Amino acid sequence: PLVSPQETLMGKYGEEAKRIYELQDQGGELLALRYDLTVPFARYLAMNKITNMKRYHVAKVYRRDNPATTRGRYREFYQCDFDIAGQFDPMIPDAECLKIVHEILSDLQLGDFLIKVNDRRVLHGVFAACGIPESKFLTTCSTVDKLDKMPWEEVKNEMIGEKGLSPEAADRIGEYVQLNGGLDLIERLLQDPKLSQNKLAKEGLGDMKLLFEYLTLFGITGKISFDLSLARGLDYYTGVIFEAVLLQQENSHVEESVSVGSVAGGGRYDGLVGMFDPKGRKVPCVGVSIGIERIFSILEQKVKAAGEKLRTTETQVLVATPQKHLLAARLKLISELWDAGIKAEMFYKKDPKLLKQLQYCEDTGIPFAAIVGEQELTDGVVKLRDVATRQEVRM
């Protein structure tokens, strides 16, 4: 459902909760608009006692954000979610979610991308090993998550100034959260004297190793990076977390690629369904969410940069007339085309000028114009014009 009781949504998103649209109390109910598709999905599983499900869902979500339309950031926007719910062996469904993201971003040809992967348990272990108290875990998480937008020095200052960590603790965290790599890094951290003492970190790293083995079999590790700075601000993640970012080649001779921003994110949320089940029955889940407007805005920029026309219609042919009093001929012809399953349009004017009709084809990218004038009607033909080349054939 689009609307949920406020308590359903509150307490699941950490510092993000301030962006939930709350609806005023009417008749004793405090309601809110959904912030994502994950929490309503978990609630649905619990209410219907479903313990096993694999689904995708494309729908609108709502966030009280400062819109930045050029970057594809809106208050009302579409997300596409893929989730796998059920008790399975570790990391097999997680690997499939990453495979889906890899496949979609490759097929859309948005350019170079990178999927960053981390695990909440590894972060937990790192924070514990660096002497961060449990109570500061989530706020430290949201600060670390800013490393993709801010340099380490600024993140460190926020940790010390706003979050009240000691400079020593912040430095210790810095040694870990600036690391990224693949299986080699996981192996190295498994040998790390501080982390190997921590049960959670060890579990998380063990699962990471398994995940990367499966991703190697799927043949997608080239685009995947185990990144210790990835924290994702939401409270409900319990294990593996991931985020896909698009990379922008600044210029060909610079190796360093910069990130355009996140187009997909997700992770494992094993405790969420249990929160909504009266008996607290848990259903392990893993899922990924793709931001549709974010992708649209990137595709639009690419089309603009290439100097191409952005087609907003699938119309194949415009039915046009060169003289007056030929509306009947247009209506008859367009009806035939529609009945044959051809996507056709015409002007909603009795006597439009031919030049205007052809100009419209050029502006909207309609490839053909089917022209019927008095001569064509007499001869029982239609003149088909290729708008781009201006070639005409009678048929």
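The backbone N, Cα and C atoms fix where each Cβ goes, and this holds for glycine too.
As given in TrEMBL:
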BINDING   Asp36, Leu37, Thr38, Arg63, Gln79, Asp83, Arg232, Tyr236, Tyr237  L-histidine binding site
DOMAIN    56-322  domain 'Aminoacyl-transfer RNA synthetases class-II family profile'
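It is Gln79, among the binding-site residues Thr38, Gln79, whose Cβ has the fewest other Cβ atoms within 10 Å in the structure shown. Just so you know, the Cβ of Asp36 (L-histidine binding site) picks up 23 other Cβ atoms within 10 Å once every protein chain is counted. Taken together, the residues in the domain 'Aminoacyl-transfer RNA synthetases class-II family profile' (56-322) have a mean pLDDT of 89 on the 0 to 100 scale. Ranking the binding-site residues Arg232, Tyr237 by the number of CB atoms within 10 A of their own CB puts Tyr237 at the top.
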